[in-house]
Structures are given as C-alpha cells and as structure tokens.
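See structure below.
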Amino acid sequence: MSYAIQIEGLKKSYGDHIVLKGLNFHVEKGEIFALLGVNGAGKTTALEIIENLRRCEEGRIVVNGRVGIQLQSASLPDHIRPMEAVRLFAKWNRVEADPSMLAALGINELAKKQYIELSTGQKRRLHLALALLSDPDIVFLDEPTAGLDVEGRLSLHEQIRKLKAEGKTIVLASHDMAEVENLCDRIAILNDGAIVFIGTVEELTAKVGRRYKLRIETDQGEECYEADNIGDTMLALLENYKQKGVEVLDIKIDRGTLEQHFIDIARGNGE
Amino acid sequence: MSAFLYGVGLQWKLDIRSKSLLITCYVVPLLFFAVMGGIFTSVNPAAKDTLIQSMTVMGVSMGALIGLPPSLVEIYASDIKKAYKANGVPLYLGLVSMYLSAFIHLMIMSGIIYVTAPLVFDAALPEHPLFYFGMLAVFIAVSLGIGSVLGLAMKNQAKLTMVSQLIFLPSIMLSGIMFPVDLLPGLFRNLGNMVPATWGYRLMSDTSFTFGNLWPLAVILAAAVALCVILLNRLKSE
C-alpha cells in the first residue's frame with residue numbers, strides 16, 4: 001500500500017540542540033493523523049519540514065499528493081479583504097476557488113471586512129480556505145483550534161470531518177487532547193525529539209491503562225480517590241462508609257482523558 | 001503574469017487603505033512643502049529656482065526611507081512571510097509590488113509639487129520637463145532601493161526607525177536642499193556625497209544631462225538590487 005506520507009530517519013538540530021532525533025512514521029491515505037507533544041517536543045518543526053517550509057539535516061520524506069497547509073501562526077496584511085486574499089493565492093496557484101468550499105467556511109460573509117477586523121475564528125477559517133484552494137490531497141493543520149471559542153472549535157471540527165469524508169488525508173498538530181480523541185484515527189506522541197508512541201487512541205489507552213477518578217460527596221464533605229479497578233474500589237469504599245455510618249449523597253466517576261495518558265507517556269511514566 | 005499584476009494592483013489598494021504610507025508619501029511631504037516652501041522663498045527669493053527639486057527630494061526621501069521599510073518589515077519579519085511560503089506565493093511579490101506601488105505614489109506626490117509650486121510660491125519650472133521627470137524616476141528608484149534593503153534587513157520596527165533616521169536625516173541636511181553644500185565643512189560634504197539625495201538633487205537641478213551625477217546613483221541602485229536578492233534568498237532559506 002502506498003502511504004500519503006512516509007518519513008524515515010528525520011533529523012534536525014539548531015546548533016547543539018537536537019530537535020528531532022530520527023523520526024520514522026507514515027500516514028495512511030484518508031486518515032486523520034495527529035502529532036502530539038508538549039511545547040518544544042519538536043512537532044511544529046517536524047510538521048514544517050514535512051511541509052517543505054524548513055530543511056532537515058538527514059532523513060527521507062515522501063509526500064504523495066498535493067498539499068494544503070494551515071500554519072499555527074500564519075498572518076496576512078492588515079488591510080487585505082478575505083476575498084482579495086483568496087483571489088491572490090488562487091491566481092498564484094493557477095486554480096479557481098471552489099465556491100461551495102468558500103461558502104461552507106463562511107468566507108463570503110466576510111467580504112467587507114479587512115483582515116485586521118476579523119476574529120481569531122474568522123482568521124482560522126480564512127487560512128483553512130487558503131489551504132484548501134488547490135483542492136489538496138493532504139491537509140496540514142497546525143493547532144487548528146488554538147484560541148477559538150467552543151462554537152468555533154465545533155465548527156472547525158465539523159469542517160475537518162467533512163474533509164476526511166471527501167477522502168482527504170489530514171495531519172494535525174494539537175495540544176487539545178479532547179480534539180485529538182474525537183477526531184483522529186491515529187496519533188504519534190513526540191517527546192524530546194523522538195516518537196514515544198504511535199497508534200490509535202485505544203492502543204494508547206491499552207498501553208497506559210485507564211485511571212479512574214472518583215469523587216464521593218457524603219454528609220461529612222467531599223472526598224476524591226483514584227483507582228485502576230473501578231468496581232472493586234467502589235465496593236470497598238461504600239462498605240467502609242457504611243461501617244462508619246457515613247451517608248453517601250453523590251458519586252461522580254471520571255474515566256480519565258487521553259491527556260492524562262499522553263502526559264504519562266510524554267514524561268516517560270507510561271513505559 | 002496575471003497573478004503578478006493582480007498582486008501589484010492589490011498592493012496599490014492596500015497602500016491606500018493603510019494610513020501610514022499615505023502619511024509618509026503624501027501628508028508629511030506636502031505639509032513640509034507648504035510650510036517650508038513659504039519660508040524658503042521669503043528668506044531667500046533665489047530658492048524659487050530650485051524649490052520644486054528640493055521639496056521633491058525631501059518628499060521622495062521621506063516616502064522611500066521612512067514610509068516603505070516598515071511596510072516591508074510587516075511582511076518579511078512576520079508570519080505573513082510564512083503564509084506566502086506555505087500557500088505558493090513567491091516571496092519576492094511583497095517586495096516588488098510594494099516597490100512599484102510606492103514608486104507610483106511618490107511620482108504622484110512629486111507631480112503635485114511640480115504643478116502647485118509655481119502657482120503657490122512662484123517657483124521656477126525645470127527647463128526640460130521630460131528630462132526632469134526622467135531623472136526624478138531614477139532618483140525615486142534608487143531611494144526605494146535603499147528603503148527596500150532596510151525593510152528586508154531589519155527584523156524589528158524600533159531598530160528600523162533608528163536606522164532609517166540615520167540615513168534620512170543626512171539625506172535632508174547634507175544633500176544641499178536645505179542650504180548650499182558649499183557652506184558645509186569638508187567632512188560633512190563628503191558624507192553628503194554618500195547619500196542618493198545629493199546626487200538626485202543635482203541631477204534634477206541640472207539643465208542638461210551630466211553623467212558624473214548619474215553614475216553614483218547607478219552604483220547605489222546596483223548595490224541595492226544585489227543586496228535585495230541576497231536578503232530575499234536568506235529569508236527564503238530561514
């Protein structure tokens with residue numbers, strides 16, 4: 001099977017500081033793949049090398065298909081209007097902007113505004129539209145929902161799912177674990193320039209284990225517990241309260257998020 | 001070609017929307033012309049003979065050295081550069097489109113001085129208008145070349161302001177537009193010979209073509225173009 005992206009032995013350093021220590025991974029066609037990592041883990045550097053915006057010292061990068069890029073920190077001239085930017089970028093790429101794509105992202109509604117007047121969410125939508133102008137096979141999204149409100153996030157998630165439904169491959173870098181858990185088929189976790197995990201969310205969970213958080217409200221106050229085996233722990237706690245004559249008013253169970261598992265792995269506690 | 005022309009046309013519109021370029025290309029030079037034109041001609045009536053040239057040199061120097069570079073820094077020292085790179089827009093577009101747009105704005109500003117100076121201050125028109133505008137075009141091209149180098153080389157606006165002023169002030173004080181160069185001490189006269197404003201002022205004030213006044217500008221322009229190419233390549237590989 002030919003992959004959308006194949007990376008072998010990718011290395012990069014800035015002076016004495018080694019940022020990437022020989023990455024090896026692939027992205028399958030049509031999947032949503034996420035690069036995760038704490039700040040400074042090397043995910044944006046890796047992404048920008050794959051996007052051909054930055055050079056690497058060593059490694060082999062194969063990208064099969066047209067690429068569209070939405071950068072983490074892209075900007076445009078303050079006084080440009082969204083449709084002017086769309087026309088400028090479309091002309092340089094010798095493509096016609098797809099009206100349905102522009103309508104779906106709400107770019108037409110922004111016609112009279114200048115870039116400086118757009119909200120963060122509107123700017124993200126515009127940069128996504130610019131990335132999609134050439135109808136790319138592979139879309140790179142670096143922190144696509146950073147700085148967006150809940151509504152903006154949900155709207156962008158919907159757009160990303162639509163892109164996947166159209167058969168596009170999506171590679172994203174994110175800090176938002178809930179986003180990754182909801183959207184992605186596979187994830188790679190970068191820590192200190194190396195991949196410490198690659199696989200599905202379920203595989204990550206199986207590797208690290210789920211840790212449950214219990215919050216029990218009684219007539220004497222609230223208490224929190226952590227447990228790997230929720231059934232046994234609950235029974236033991238309830239039995240204990242009963243023996244002491246404490247009345248249990250409410251029980252809340254948090255099954256733990258991917259973020260906790262990610263942090264465990266990134267910090268080397270998951271091995 | 002259509003993409004390039006669209007880019008230049010768009011830049012022209014953006015410059016009009018951006019108040020800062022309008023201020024440095026029109027408002028300040030024309031205000032300076034309105035005020036200093038009156039003072040120059042009342043203090044020294046002979047100033048009428050070169051008023052158009054001196055006020056134009058001041059206006060062009062201001063637009064090219066103070067107006068253009070910050071707009072370039074806005075593109076090349078910011079995330080706009082990354083957005084261009086990522087979306088297939090060549091890096092030179094920002095420079096070339098801003099250069100051409102500023103060139104037209106400065107020609108218009110110079111034209112306003114050319115038309116109004118005789119009416120308002122009874123200033124003398126250049127003997128050969130075509131020759132004058134030809135030399136004016138050369139001077140604008142060279143001044144914008146220096147402005148381009150500053151805009152590409154500097155990464156931050158505060159440093160840029162300082163460096164721009166370091167070139168702009170000698171251009172005004174030592175080029176002969178404020179007072180005759182002969183009155184300057186030798187050191188300052190030599191310093192004055194290093195700024196294009198001196199040679200531009202001489203070229204535009206001449207009644208006939210003097211190669212000796214043109215070649216320094218040609219050398220400065222060639223050096224500016226070479227530096228712009230080097231700086232653009234450096235920005236590309238960053």
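From the backbone N, Cα and C atoms, a Cβ is placed for every residue, glycine too.
Remember, predicted model here, so these are calculated numbers, not experimental data.
Among the features that TrEMBL reports, domain 'ABC-2 type transporter transmembrane' is placed at B:11-206.
Residues annotated as transmembrane segment in TrEMBL: B:21-43 (among others).
For the transmembrane segment (B:55-77), the residues of the chain that approach it from at least six positions outside its boundaries are 15, 18, 20-21, 23-25, 28-30, 32-33, 36-37, 84, 91, 94-95, 98-99, 102, 105-106, 109-110, 113-114, 117, 136, 139-140, 143-144, 146-148, 150-152, 154-157, 160-161, 164-165, 167-168, 171-172, 175, 177, 197, 200-201, 204, 235, judged by C-beta separation under 8 angstroms. If you look up TrEMBL, you'll see B:55-77 (among others) marked as transmembrane segment.
Sequence-distant contacts of the transmembrane segment (B:89-117), counting only residues of its own chain at least 6 positions beyond either end whose CB sits under 8 Å from a CB of the stretch, comprise 4, 7-8, 10-12, 15, 21, 25-26, 29-30, 33, 37, 51-52, 55-56, 59-60, 63-64, 67-68, 71-72, 75-76, 80-81, 83, 123, 125, 132, 136-137, 140-141, 143-144, 147-148, 151-152, 228, 232, 235-236. Under the heading transmembrane segment, TrEMBL lists B:89-117 (among others).
Annotation comment: TrEMBL describes B:129-154 (among others) as transmembrane segment. Only residues 6 or more beyond the boundaries of the transmembrane segment (B:129-154), in the same chain, are considered here, and those with a CB under 8 A from a CB of the stretch are 56-57, 60-61, 63-65, 67-73, 76-77, 95, 98-99, 102-103, 106-107, 110, 114, 160, 163-164, 167, 196-197, 199-200, 203-204, 206, 208-209, 214, 217, 220-221, 224-225, 227-228, 231-232, 235.
What TrEMBL records for B:166-188 (among others) is transmembrane segment. Remote same-chain partners of the transmembrane segment (B:166-188), defined as residues 6 or more beyond its termini with a Cβ less than 8 Å from a stretch Cβ, comprise 53-55, 57-58, 61-62, 65-66, 146, 150, 194-198, 200-202.
Positions annotated as transmembrane segment by TrEMBL: B:208-232 (among others).
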